[in-house]
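Please read the structure below before turning to the comments.
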Amino acid sequence: ISYHLDQLGMASALDTLCGQAYGARQYHLLGVYKQRAMVILTLVSIPLAVVWFYTGEILLLFGQDPDIAAEAGTYARWMIPAIFAYGLLQCHVRFLQTQNIVFPVMASAGAAAAFHLLVCWLLVYVAGMGSKGAALSNAISYWVYVIVLAVYVRVSGSCKETWTGFSTEAFRDVLSFFRLAVPSALMVCLEMWSFELIVLLSGLLPNPKLETSVLSISLNTAAFVWMIPFGLGSAISTRVSNELGAGRPDAARLAVRVVVFLAMAEGLVMGLVLICIRYVWGHAYSDVEEVVTYVAWMMLIISVSNFFDGIQCVLSGVARGCGWQKIGAWINLGAYYIVGIPSAYLIAFVLQVGGTVHQMINK
């Protein structure tokens, strides 16, 4: 739950600050904003690391299965170095994306992913570290990714106007950054937390191992598909902030119309793909027939959810580009916690829809 607080949350303030500064041709401010974010996110990561260290104990307090809590706690402890790396990574990514420098980010991500596969295999299978090795490989890969982007920013001519070296100006006006960063964090985290809370609730169902396994597969699938509208959201955030910074609101409106159309088209196509592969997708995660069949049912829900979530994702990008994070935070609070979580509890525990699905599967 805490993983997204300083990463995708507070760092998304740079979407507004760097994007509008670049559009206004105040290039030196991008480097200042990035440094300020790096300092703040590193400091915020310290208490989050403490929370991760006690993840197992926290899960037990929420009534989770002891075996699941112990495994999750061990994994979280070995992932602690990734907290600091991912916070710095997001600062570099936002810094480059708001300048429309995308290819180096993509190429570095691809190289880091290939490196991660090798390191993960070595630690998990060769060194025999199991889940600990998987967690540690994530941390190592993130640090490699950060170093590659940092070197690019330092030596690339594309950043010579926006990165002029470290400056004490980054330590000034920190409160103004927090005024935008905190709503940015809430806007992102309120959404992320709701999904994590659903996983916690699934652990309280009659068959927690089955329910948690199926829900984890479903959420992983949803997250995988969500990367497409997430990319569109990042693109529109940059475009809108650049256009507004340059004083061209009409161009920003046109970009919003285009990206909403693209999100709807993507949602329809991916929804059809998910429906077509629903009976085979579960086999990629499990050989247990009950799990595979259950996942097939969940894919129908995911296909519909992805359509609307894609539209929501790109509109969130528009909000970040405009600096409307406070509005987005209030909307997410109402949508996910006044409607979403209570509805999930009602459907799962009161109406017991999961039990009905089990009966249909067993038949």
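Glycine residues also receive a Cβ, built from the backbone N, Cα and C atoms like all the rest.
Residues or ranges marked as transmembrane segment in TrEMBL: 37-55 (among others). Same-chain residues lying 6 or more positions outside the transmembrane segment (37-55) and placing a CB less than 8 Å from one of its CB atoms are 2-3, 5-7, 10-11, 13-14, 72-73, 76-77, 79-80, 83-84, 87-88, 90-91, 94, 170-171, 174, 177-178, 181.
Beyond its flanks by at least six residues, the transmembrane segment (75-93) meets 3, 6-8, 11-12, 14, 34, 37-38, 41-42, 44-45, 48-49, 52-53, 55-56, 105, 131-132, 134-136, 138-140, 142-143, 145-146, 149-150, 153 of its own chain at Cβ-Cβ distances under 8 Å. Feature annotation from TrEMBL assigns transmembrane segment to 75-93 (among others).
Annotation source TrEMBL lists transmembrane segment at 105-128 (among others).
Tertiary neighbourhood of the transmembrane segment (134-153): same-chain residues 75-82, 85-86, 88-89, 92-93, 95-96, 104-105, 108-109, 111-113, 115-116, 119-120, 122-124, 159, 163, selected by CB-CB distance under 8 Å and a gap of 6+ residues from either end. Taken from TrEMBL, the feature transmembrane segment applies to 134-153 (among others).
What TrEMBL lists as transmembrane segment is 174-193 (among others).
Note on the transmembrane segment (213-233): residues 195, 198-199, 202, 259, 262-263, 266-267, 270, 274, 281-282, 285-286, 291, 294-295, 298-299, 301-302, 305-306, 309-311, 313-314, 316-317, 320 of its chain, located 6 or more positions outside it, place their CB under 8 angstroms from a CB of the stretch. Look at TrEMBL and you will find 213-233 (among others) tagged as transmembrane segment.
Summarising the annotation, TrEMBL assigns transmembrane segment to 254-281 (among others).
The annotation transmembrane segment is assigned in TrEMBL to 293-315 (among others).
Residues or ranges marked as transmembrane segment by TrEMBL: 327-351 (among others). Sequence-distant neighbours of the transmembrane segment (327-351) (same chain, 6+ residues past either end, Cβ-Cβ under 8 Å): 183, 186-187, 190-191, 193-194, 197-198, 201-202, 204-205, 316, 319-320.
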Best-contacting stretch, by C-beta pairs under 8 Å, relative to the transmembrane segment (293-315) and drawn from 105-128, 174-193, 254-281: 254-281
